[in-house]
Amino acid sequence: MENVTTIILLGFPDLHGFRIVFFLFLFMSYLTTICANLMVITLVAFSRHLQSPMYFFLTQLTTSDIMTTSDIVPNMLHMVLHNGSSMSFSGCLTQFCFFGSSESSECLLLTSMSYDRFLAICHPLHYHSLMNPLLCLKYILISWLIGFTITFTQTVNMSQLDFCQSNIIDHFFCDFDPVLKLSCSSVRHIQLLSIVMCFPLIVLPFFITVISYVYIVLSILRIQSITGRQKAFFTCGSHLAVVSIFYGTLFSIYLIPEKGNSIVLRKVLSIVYTVVTPLLNPVIYCLRNKDIKKAFKKLKS
């Protein structure tokens, strides 16, 4: 049997009369996401009082969001209008590689941001010596390098499988499990590697983030001043909201068994993961951050 060369993505076959409405939602969400994230990057780049590790990490987070939504949404728009989409097999693997790299890096970037908030709140006197620009740059480079290397390795392993059965994926992008299901080769070694890689990419960063916030909350509760407590909670509130949305959606998607009506639920959660979350992240930071609001007002004037 010949190897599959074209992948067909079913997308959303049951939209019926909501097709145009859904297209407009995706289109406006995509435009807003790109503009909002680019605005955050621009504000941090041109505002002197935003030159700190926290905002440097934030620019990397917004870059990851731009990569994720740009990798997925343009093809989704075509898919909605034409009731499905097709792409080459190499294009499918490329989409997975970019998606996996950006999302894996985002896990590590969120962990670095959690550690940054931990140092700022729990060790404020030593913060600038501990979180210096060189260390900050190292965390960012390591996050991107690990995310890309692991995902690229998985992509290369997937490309060496035989795909000679169905070429239809009931999803709106080339995710890991849907692509593996098309293979007529043994995929146990790739699945095992994926499980192993979940520990440095997802499990360990998640626990580091949780532990950081446990110490942060305990440290805040020891502050006697009510004003001081509110200020400390406000400082880390935006990041905590972003972390909660990210991991909440991530765990919801990959813990749901892939049977029956759960396919529809997985698609809905994946929309939150790939469309809504990249849109919400800059909104959350901009609405809750006085420094960014101040920088925006200066930029307008």
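Every residue gets a Cβ built from N, Cα and C, even glycine.
Because the structure is a prediction, the values reported are computed rather than measured.
Features as listed in TrEMBL:
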TRANSMEM  20-46  transmembrane segment
DOMAIN    36-285  domain 'G-protein coupled receptors family 1 profile'
TRANSMEM  135-153  transmembrane segment
TRANSMEM  192-221  transmembrane segment
TRANSMEM  233-256  transmembrane segment
TRANSMEM  268-287  transmembrane segment
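Ranking 135-153, 192-221, 268-287 by CB pairs under 8 A with the transmembrane segment (20-46) puts 268-287 at the top. Same-chain residues lying 6+ beyond the ends of the transmembrane segment (268-287) with a Cβ under 8 Å from its Cβ atoms: 26, 29-30, 32-33, 36-37, 39-40, 58, 61-62, 65-66, 68-69, 72-73, 76, 99, 171-173, 175, 238, 241-242, 245-246, 249-250, 252-253, 256, 293, 296. Mean model confidence for the domain 'G-protein coupled receptors family 1 profile' (36-285) is a pLDDT of 87.
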